[in-house]
Amino acid sequence: MSNQHTLLISNLLPVGSNISTWWNFGSMLLTCMALQTSTGFFLAIHYTANINLAFSSVTHILRDVPYGWIMQNLHAIGASLFFICIYTHIARGLYYGLYLNKWVWLSGTILLIILMATAFFGYVLPWGQMSFWAATVITNLLTAIPYLGPTLTTWLWGGFSINDPTLTRFFALHFILPFLIISLSSIHIVLLHNEGSNNPLGTNPDIDKIPFHPYHSYKDMLMATTMITMLFITMSFMPNLFNDPENFSKANPLVTPQHIKPEWYFLFAYGILRSIPNKLGGTLALLMSVIILTAPPFTHTSHVRPMTFRPLTQILFWMLIATFITITWTATKPVEPPFITISQMASTXYFLFFIINPILGWIENKIINK
């Protein structure tokens, strides 16, 4: 164990004095993970992974179990809060060039993929209409894989359609994957403290450092408290803010919802999938929407690390954020004009960010050298 890890345990780890609030989202994600694991455990005690009883067991938790409604709402809204924090965490990494710490960034991307899989499995568990049909549509994408597709789909379903074995294995995966996420998170943190965190200026942080405790630990506590307060306000006054009305009806394989869509935090990937009128092409675009995050560490060309002093790249970054929001919005709409065109244009602009960013870095280098 290195000296830095010893300091980390005793809370004396030296940290750059100028790291901003954007650096608090890592600890907020840790808080979210603790909340999701604890509430998930209590929900698992009362949940029944059976297609005839799953929907009733969720209703039972909400109505009959003491404080069950708090557990269920905390878990459901907590998932949305988790993704708000993680998307902000990723955006911060892109803006400040933190992806140059390659292994931290790549381990984070793997964490994101596993987290998305875990959230998807969890969305299926209540066995409501939207849960069932979202699972049908997304798992069906496996059939787009040449030769192996149909076999893989049958293997995942545990039969020739989504049924009891599918729900059982999804519950098992949703229960076990968070422990893998916790393990990988610890690796992510160890890798981060191996090189140390960067700062908003992108300068050498060794020049001016202060102890992590009490300065940054109190800042972490403030942000975590603010986040939990927001969570409880949402749970108390708007518990169904992120829920789909279709999911209040039990899953019916004979009735298709008018508009099938996953949870809001997957809409950007779902929008990219829908924008391509080809099953295999759409599936590849869906995968690439997340996997492309592994590209920036290898395509960074600028001599300056953060976007703080790069106005051209800043414009491109905020275009990416606007594009992300636009794709999310179009994915909530029916597949008809003008939403198809908007979705296709926004999806193209999303991928263009990762191509134009290194070119802009090279142009900025030329301007600086002049």
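Backbone N, Cα and C define each Cβ position, glycine as well.
Feature annotation from Swiss-Prot assigns transmembrane segment to 25-45 (among others); the stated evidence is similarity to another entry.
For the transmembrane segment (69-90), the list of distant contacts is 22, 25-26, 28-29, 32-33, 35-36, 39-40, 42-43, 58, 61-63, 108, 112, 115, 119, 122, 227, 230-231, 234-235, 239, 241-243, 263-265, 293, 324: same-chain residues at least six beyond its ends, Cβ to Cβ under 8 Å. For 69-90 (among others), the entry in Swiss-Prot reads transmembrane segment.
Taken from Swiss-Prot, the feature heme b b562 binding site covers His75, His174. Under a cutoff of 8 A between CB atoms, and with a sequence separation of 6+ in the same chain, the neighbours of His75 (heme b b562 binding site) are Gln36, Thr39, Gly40, Leu43.
Annotation source Swiss-Prot lists heme b b566 binding site at His89, His188, citing similarity to another entry. For the recorded site, His188 (heme b b566 binding site), the DSSP three-state label reads helix. Neighbour list (His188 (heme b b566 binding site), Cβ cut-off 8 Å, at least 6 residues apart, same chain): Val104, Ser107, Gly108, Leu111.
For the transmembrane segment (105-125), the list of distant contacts is 47, 49, 54, 58, 79, 82-83, 86, 89-90, 93, 98-99, 131-132, 134-135, 138, 166-167, 170-171, 173-174, 177-178, 180-181, 184-185, 187-188, 191, 262-263, 265-266, 269, 290-291, 293-294, 296-297: same-chain residues at least six beyond its ends, Cβ to Cβ under 8 Å. The annotation transmembrane segment is assigned in Swiss-Prot to 105-125 (among others) on the grounds of similarity to another entry.
Per Swiss-Prot, the feature transmembrane segment maps to 170-190 (among others); the stated evidence is similarity to another entry. Residues 5, 26, 29-30, 33, 36-37, 40, 44, 47, 49, 104, 107-108, 110-111, 114-115, 117-118, 121-122, 124-125, 135 of the same chain, all 6+ positions outside the transmembrane segment (170-190), place their C-beta atoms under 8 angstroms from a C-beta of that stretch.
What Swiss-Prot lists as ubiquinone binding site is His193, and the listing cites similarity to another entry. Note on His193 (ubiquinone binding site): other Cβ atoms within 10 Å of its Cβ, all shown chains, come to 16.
The transmembrane segment feature in Swiss-Prot is assigned to 218-238 (among others).
Among the features that Swiss-Prot reports, transmembrane segment is placed at 280-300 (among others), with the record citing similarity to another entry.
As annotated by Swiss-Prot, transmembrane segment applies to 312-332 (among others).
Annotated transmembrane segment per Swiss-Prot: 339-358 (among others), in sequence order, evidence recorded as similarity to another entry.
By number of Cβ pairs under 8 Å, the transmembrane segment (218-238) is matched best by 25-45 from the list 25-45, 280-300, 312-332, 339-358. Neighbour counts of Cβ atoms within 10 Å were compared across the binding-site residues His89, His174; the minimum falls on His89. Secondary structure at His75 (heme b b562 binding site), taken from DSSP and collapsed to helix, strand or coil, is helix.
The two recorded residues, His89 (heme b b566 binding site) and His174 (heme b b562 binding site), show a Cα separation of 23 Å.
The two recorded residues, His174 (heme b b562 binding site) and His193 (ubiquinone binding site), show a Cα separation of 29 Å.
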